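Below is one structure, written out as structure tokens; the observations come after it.
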Amino acid sequence: MSTTIQNISLSGRKKQVSNKEMTFLESLYLVAIVKGLLITIKHFFRKKVTIHYPEQVREMSPVYRGQHMLKRDEQGRENCTACGLCALSCPAEAITMKAAERKSNEKHLYREEKYAEIYEINMLRCIFCGLCEEACPKDAIYLTTSKVLVPSNYERENFIFGKDKLVMPLDIAMQNAQLKNAN
């Protein structure tokens, strides 16, 4: 018993190829050129997708996540307790920290007994997913709506942001405290 194997296409995209001779017009490729011109003309009248940055700024999504910032409380103390949940939740493993015990003369700097002596985010690894913000029980880290994610630079060391670049400036913390008290 002989079985014949037919050329069956599983995807449905298989086409039969013909080797027929081209006509004179087809050999001049006029039909293909006209089709290409029609596509070009169609795109010419569409709405432009490019903008003239920085004169025009594209509107960001309401769920946009920008630059990282470590929050301070109303008294200017850092919220971070170096629990490490942000580092554990980071899928890119971009966050590293070293915990330290607060000394008696540092009560005005840190809220809890334990604080992050070293807190670094490697911006070359960060994917701005926001999981660190969600994992933090003290609401110490958040992603701002700043449109400048990471300033350009040529040296890798400048992309590892330490507490000097991440901690919220004192004047902004005081403004936030005044806004909370006003509400």
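Using N, Cα and C of the backbone, Cβ positions are placed for all residues, glycine too.
Summarising model confidence by region, the domain '4Fe-4S ferredoxin-type 1' (71-100) averages a pLDDT of 92. If you look up Swiss-Prot, you'll see 71-100 marked as domain '4Fe-4S ferredoxin-type 1'.
Secondary structure from DSSP puts CYS80 ([4Fe-4S] cluster 1 binding site) in coil. Packing around CYS80 ([4Fe-4S] cluster 1 binding site) is summarised by its Cβ count: 27 other Cβ atoms lie within 10 angstroms of its Cβ, all protein chains included. The [4Fe-4S] cluster 1 binding site feature in Swiss-Prot is assigned to CYS80, CYS83, CYS86, CYS136; the stated evidence is sequence analysis.
The [4Fe-4S] cluster 2 binding site annotation in Swiss-Prot covers CYS90, CYS126, CYS129, CYS132, and the record cites sequence analysis as its basis. Listed in sequence order, the residues of the same chain lying 6 or more apart from CYS129 ([4Fe-4S] cluster 2 binding site) and placing their CB within less than 8 Å of its CB are ARG65, PRO91, ALA92.
The domain '4Fe-4S ferredoxin-type 2' annotation in Swiss-Prot covers 117-146, and the record cites sequence analysis as its basis.
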Spatial separation of CYS86 ([4Fe-4S] cluster 1 binding site) from CYS126 ([4Fe-4S] cluster 2 binding site) - C-alpha basis, Å: 12
Structural state census, the domain '4Fe-4S ferredoxin-type 2' (117-146) (DSSP three-state): 5 helix, 9 strand, 16 coil
Distance from CYS90 ([4Fe-4S] cluster 2 binding site) back to CYS80 ([4Fe-4S] cluster 1 binding site), taken between C-alpha atoms, in Å: 16
Extra residues within 8 Å (Cβ to Cβ centroid of CYS80, CYS83, CYS86, CYS136), [4Fe-4S] cluster 1: THR81, ALA82, GLY84, LEU85, ALA116, CYS132, ALA135, PRO137, LYS138, ALA140, ILE141
DSSP three-state assignment (helix, strand or coil) for CYS86 ([4Fe-4S] cluster 1 binding site): helix
